[in-house]
């Protein structure tokens with residue numbers, strides 16, 4: 001029989017694992033509706049006065065209609081996270097709707113704070129993610145299919161059909177964050193030096209400047 005000390009050590013190790021694997025900190029009360037206008041800076045958002053909480057803090061119609069896809073990539077992500085549903089604060093979940101024009105692409109990106117699971121509403125998609133061993137895991141999806149993207153790994157979705165497509169994406173974080181590789185590397189403020197990118201991608205500074213012109217920082 002294991003000693004009490006060993007049993008306690010194993011228990012603490014198990015508990016520590018589950019705590020550390022949680023995408024967001026656990027909630028400590030029934031609800032903590034985000035007080036978004038507050039100037040207080042914490043890891044997350046402070047709670048608004050419980051007496052002022054209403055059902056509107058937990059409600060959104062933002063995913064009901066398709067998003068406009070008339071942009072460079074032919075895709076649009078509409079978020080339903082703590083920024084649009086403040087009642088999600090501390091709950092550790094959020095959703096997005098992604099709409100794709102025919103041939104539209106949600107370009108390679110990562111979610112540093114969450115795992116993502118997509119459910120295909122309409123259309124067909126080619127999706128995939130890359131492991132840290134540079135292995136591509138890819139799949140073709142159709143209406144009703146589900147696919148998971150592990151937390152922090154680079155992934156993408158492309159509409160491979162000639163009709164619009166859409167998915168609902170679920171995340172185990174109230175605010176998963178998104179880093180699009182192209183915009184991050186070539187459209188940052190201040191910019192990453194041309195010589196750094198040229199050496200990293202084994203190309204010329206002139207080519208880097210040309211690519212940067214496609215990713216002008218937002219003003």
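From the backbone N, Cα and C atoms, a Cβ is placed for every residue, glycine too.
Counted within 10 Å of its Cβ, the other Cβ atoms near residue 155 (Mn(2+) binding site) come to 22, all protein chains included. Per Swiss-Prot, the feature Mn(2+) binding site maps to 109, 111, 116, 155.
Counting every protein chain shown, the Cβ of residue 32 (disulfide bond) has 21 other Cβ atoms within 10 Å. In the three-state DSSP scheme, residue 32 (disulfide bond) is classed as coil. Among the features that Swiss-Prot reports, disulfide bond is placed at 32-47, with the record citing similarity to another entry.
If you take every residue in the domain 'Cupin type-1' (61-209) and average the pLDDT, you get 97. Marked as domain 'Cupin type-1' by Swiss-Prot: 61-209.
Annotated N-linked glycosylation site per Swiss-Prot: 70, in sequence order. With a cut-off of 8 Å between CB atoms and residues at least 6 apart in sequence, the same chain places 101 near residue 70 (N-linked glycosylation site), listed in sequence order.
Annotation comment: Swiss-Prot describes 1-21 as signal peptide, evidence class sequence analysis.
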Out of 109, 111, which of the binding-site residues has the smallest number of neighbouring Cβ atoms within 10 Å?
109
Calculate the distance in Å between the alpha carbons (Cα) of residue 116 (Mn(2+) binding site) and residue 32 (disulfide bond), and round it to a whole number.
24
Among the recorded positions 47, 116, point out the residue whose Cβ has the most other Cβ atoms within 10 Å, with all shown protein chains included in the count.
116
